[in-house]
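To start, I am sharing the structure in question, which I have written as structure tokens.
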Amino acid sequence: MKGMILLISCLMLIEVVVECKEGYPLDTLNGCKVGCFFGTNSWCNDKCKSKTAAKGYCAWPSCYCYGFTDDSKIWDLKKNKC
């Protein structure tokens, strides 16, 4: 039992240490967020994966992605004005 608790604790620590970028994928055509509607989670997931993220979902009105690589371009409020 103690071993199981130790294993779970180690896995949680690794997840905290190895965090990846997350945010809104950048639409390269207009520099805005990639838009979506409710219920289009699979579409956003595919769009996020095409933008080098691990997964994504529709956070209406835009897709939100997790697990971007460090060199991925994501939407930034300070730089992008859409």
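Using the three backbone atoms N, Cα and C, a Cβ is placed for every residue, glycine included.
Keep in mind the model is a prediction, meaning the values are calculated, not measured.
According to Swiss-Prot, the protein has these features:
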SIGNAL    1-20  signal peptide
DOMAIN    21-82  domain 'LCN-type CS-alpha/beta'
DISULFID  CYS32-CYS82  disulfide bond
DISULFID  CYS36-CYS58  disulfide bond
DISULFID  CYS44-CYS63  disulfide bond
DISULFID  CYS48-CYS65  disulfide bond
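Describe the structural surroundings of these features, if you would.
Counting only same-chain residues at least 6 apart in sequence, those with a Cβ under 8 Å from the Cβ of CYS32 (disulfide bond) are LEU26, TRP75, ASN80, CYS82.
In the three-state DSSP scheme, CYS58 (disulfide bond) falls into the strand class. For CYS58 (disulfide bond), the count of additional Cβ atoms within 10 Å of its Cβ stands at 21 [all protein chains shown].
Within 10 Å of the C-beta of CYS63 (disulfide bond) there are 27 other C-beta atoms, taking all protein chains into account.
Taking Cβ-Cβ distances under 8 Å and a sequence gap of 6 or more within the same chain, the neighbours of CYS65 (disulfide bond) are GLU22, GLY23, TYR24, PRO25, CYS44, CYS48, LYS51, ALA53, ALA54, LYS55, GLY56, ILE74.
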Drop a 10 Å sphere on every Cβ of the disulfide-bonded residues CYS36, CYS44, CYS48, CYS82 and tell me which sphere holds the fewest other Cβ atoms.
CYS82
So what pLDDT does the domain 'LCN-type CS-alpha/beta' (21-82) average out to?
93
Looking only at the domain 'LCN-type CS-alpha/beta' (21-82), what are its DSSP counts of helix, strand and coil residues?
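Reading the DSSP string over the domain 'LCN-type CS-alpha/beta' (21-82) gives 10 helix, 20 strand, 32 coil.
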